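Record features, source TrEMBL:
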BINDING   B:GLN39, B:LEU40, B:ARG41, B:GLU42, B:LYS43, B:ASN71, B:SER110, B:LYS148  4-amino-2-methyl-5-(diphosphooxymethyl)pyrimidine binding site
BINDING   B:ASP72, B:ASP91  Mg(2+) binding site
DOMAIN    B:9-199  domain 'Thiamine phosphate synthase/TenI'
Number of protein chains: 2
Amino acid sequence: MSKKRDYSVYLVTDRPLCAGRDLLRIIEEAVAGGATIVQLREKDATAREFFELARAAKDLLDRLGVPLIINDRVDVALAVDADGVHVGQKDLPYAEVRKMVGPHKIVGLSVDTVEQALSVPDLEVVPGDGGFGPDYLGVGPVFPTNTKKDTSEVWGLDKLAELRRQTHQKLVGIGGVYVGNAADVIRAGADGVAVVSAICAAESPKQATEELAAAVMLGRGLE
Amino acid sequence: MSKKRDYSVYLVTDRPLCAGRDLLRIIEEAVAGGATIVQLREKDATAREFFELARAAKDLLDRLGVPLIINDRVDVALAVDADGVHVGQKDLPYAEVRKMVGPHKIVGLSVDTVEQALSVPDLEVVPGDGGFGPDYLGVGPVFPTNTKKDTSEVWGLDKLAELRRQTHQKLVGIGGVYVGNAADVIRAGADGVAVVSAICAAESPKQATEELAAAVMLGRGLE
């Protein structure tokens with residue numbers, strides 16, 4: 001089944017933030033609330049744990065028609081035939097990742113600065129081609145955040161807007177995004193917003209995602 | 001270049017044990033002293049660090065004609081075109097790894113018990129085929145050790161010998177092996193001995209490897 005590539009409401013999972021709740025249940029609720037894509041991020045799991053979780057998430061998200069992205073571990077992504085992989089500047093180099101997964105998988109790349117974003121090889125790939133450049137760039141942290149320990153300098157909305165003016169690449173804003181600022185992130189030029197704790201730690205992940213999706217629509221003037 | 005697959009003197013690296021010395025220099029010395037295969041194990045490195053180190057080690061070991069094995073990260077192994085990969089029971093399942101790397105790469109699998117070793121699917125592959133079963137089994141810890149934090153029950157020489165009687169698989173003994181007991185490990189039926197600190201932490205990695213290689217020959221009655 002071909003899944004729609006829509007980065008609007010991008011859930012990044014973090015099990016320690018789930019307050020002991022079942023991650024698959026949270027994913028299911030988030031998708032019911034409007035999450036358009038899901039990334040599994042497991043920084044402390046063994047490869048076996050990550051694989052088992054990814055396999056279960058893939059089954060679930062195949063039924064729901066939503067793409068599954070694996071953070072960092074390209075081998076886990078390949079093993080479960082995930083829809084894509086997301087890498088940062090401390091992970092495997094983008095070009096190596098693309099070689100491994102081929103032209104049809106989604107590959108997302110985190111960038112720390114405008115300069116870095118613009119220096120990505122073959123960045124301005126023909127939309128929908130996906131054979132050369134990353135399918136989207138993760139831009140962040142847009143706002144200060146405590147979720148990731150190794151975050152670099154905060155982008156702010158102005159830098160995001162500056163990058164928007166200089167690239168046709170799909171941009172996903174991440175870091176400190178929540179219902180209260182998601183519309184601003186979209187207005188600054190992001191194609192979508194990625195959240196971790198705003199969904200994972202929410203009392204109702206479904207309702208939190210609905211509100212976030214509404215904020216994204218608001219940012220696009222489609223309220 | 002096709003490299004000889006010889007598990008006799010198997011160096012597993014551990015940078016924290018290198019006392020700040022350059023890992024590539026230690027690998028070079030170990031090969032000069034008789035190491036027949038080298039596994040890079042990097043449990044705390046980022047994927048990017050692991051990749052860069054693996055790429056440099058691959059260049060070095062290609063020149064020296066010695067196989068490079070990557071621990072756990074199949075994606076790093078693929079990215080640098082390593083000669084093989086080693087996985088344990090907490091890493092990706094063997095069958096998934098073999099699918100990813102194909103029939104020609106070396107795949108080693110750690111086993112914790114005789115029962116586990118004998119239950120590995122397609123274990124008794126035709127020697128030299130490599131298309132189905134693991135190319136070798138890592139058996140350990142043979143002796144008590146502090147190098148790995150998550151070690152399971154100690155095998156001892158008797159259990160190793162018991163496994164030897166029940167399989168044709170290549171066996172590599174690891175865990176607490178040093179010049180003083182390496183011959184015993186070979187006599188118990190191992191095809192090779194894997195060491196970490198006995199080489200990495202040695203004052204002279206070259207001399208330590210020479211002594212270990214001599215102990216292996218002694219164990220084979222080829223003194």
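A Cβ is built for glycine as well, from the same backbone N, Cα and C atoms used for every other residue.
Here the features listed in TrEMBL are placed on the structure.
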{"residue": "B:GLN39", "record": "4-amino-2-methyl-5-(diphosphooxymethyl)pyrimidine binding site", "DSSP (3 states)": "strand"}
{"residue": "B:ASN71", "record": "4-amino-2-methyl-5-(diphosphooxymethyl)pyrimidine binding site", "DSSP (3 states)": "strand"}
{"residue": "B:ASP91", "record": "Mg(2+) binding site", "DSSP (3 states)": "coil"}
{"residue": "B:SER110", "record": "4-amino-2-methyl-5-(diphosphooxymethyl)pyrimidine binding site", "DSSP (3 states)": "strand"}
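In the structure as shown, the Cβ atom of B:LEU40 (4-amino-2-methyl-5-(diphosphooxymethyl)pyrimidine binding site) sits within 10 Å of 30 other Cβ atoms. Within 10 Å of the C-beta of B:LYS43 (4-amino-2-methyl-5-(diphosphooxymethyl)pyrimidine binding site) we count 13 further C-beta atoms, all protein chains included.
If you draw a 10 Å sphere around the CB of B:GLN39 (4-amino-2-methyl-5-(diphosphooxymethyl)pyrimidine binding site), it holds 25 other CB atoms from the protein chains shown. Between the C-alpha atoms of B:ASP72 (Mg(2+) binding site) and B:SER110 (4-amino-2-methyl-5-(diphosphooxymethyl)pyrimidine binding site), the distance comes to 11 Å. In terms of Cα distance, the binding-site residues that sit within 10 Å of B:ASP91 (Mg(2+) binding site) are B:ASN71, chosen from B:LEU40, B:ARG41, B:LYS43, B:ASN71. Closeness to chain A is evaluated for the binding-site residues B:LEU40, B:GLU42, B:SER110 by Cβ distance, with values under 8 Å counted; no residue is counted. Within its own chain, B:ARG41 (4-amino-2-methyl-5-(diphosphooxymethyl)pyrimidine binding site) has B:VAL12, B:THR13, B:ASP14, B:ASN71, B:ASP72, B:VAL196 as residues 6 or more apart in sequence whose C-beta sits under 8 angstroms from its own.
Other Cβ atoms within 10 Å of the Cβ of B:GLU42 (4-amino-2-methyl-5-(diphosphooxymethyl)pyrimidine binding site), summed over all protein chains shown, number 21.
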